[in-house]
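Asker: Features from Swiss-Prot:
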BINDING   Arg68, Ser69, Gly70, Asn81, Leu85, Ile86, Asp87  substrate binding site
Amino acid sequence: MHRIDVKLLDPRLKTHPPAYASAGAAGLDLRACLDAPVLLHPGETTLVPSGLAIHLADPGLAAMVLPRSGLGHKHGIVLGNLVGLIDSDYQGQVFVSVWNRGRDVFTIQPMERIAQLVVVPVLQVGFNVVDDFAASERGEGGFGSTGKH
């Protein structure tokens, strides 16, 4: 298992540390480190502290903050920035931009699992500027060009 440096900024995380929910889980659950419940009305967004700071340090890694599927499907709670990207040299607290795209007021409870953190490999590339590409089967075919279903 790859290891990264982490600071637990909220003392409650000592009893609820970031963890994988199962052996096959890709994401670590992030908790809402709030002092009191927050009401999120339809269409509103708010920044929720995770109580966690990470430093990936390795430029070959990045972390993504992703929504929890149940919150999105059942309550319309997704991320305000859709995907949060954390660079390897960032060392600050991880915040979650929470957006209520549902029709009902949603209450974010203190220490509720609000999002998930997935660490992924990153390949930094350089560009070769060209006038033309070598021909491929797809060419410039864009949206819908490979079929309907």
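Glycine is no exception: its Cβ is also placed from the backbone N, Cα and C atoms.
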Asker: Hey, does DSSP put Ser69 (substrate binding site) in a helix, a strand, or just coil?
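Answerer: In the DSSP reduction, Ser69 (substrate binding site) maps to helix.
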Asker: By Cβ count within 10 Å, point out the most packed of the binding-site residues listed: Leu85, Ile86.
Answerer: Ile86
Asker: Can you tell me whether DSSP puts Ile86 (substrate binding site) in helix, strand or coil?
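Answerer: Note: Ile86 (substrate binding site) is in a strand by DSSP.
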Asker: Using DSSP and three states only, what is Asn81 (substrate binding site)?
Answerer: coil
Asker: Counting only residues 6+ away in sequence within the same chain, which have a CB under 8 Å from the CB of Arg68 (substrate binding site)?
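Answerer: Sequence-distant Cβ neighbours: Asp29, Arg113, Ile114, Ala115, Gln116.
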Asker: Mind giving me a neighbour count for Ser69 (substrate binding site)? Other Cβ atoms within 10 Å of its Cβ, every protein chain shown.
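Answerer: Looking across every protein chain shown, the total is 10.
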Asker: Could you tally the C-beta atoms, other than its own, that fall within 10 angstroms of the C-beta of Gly70 (substrate binding site)?
Answerer: 10
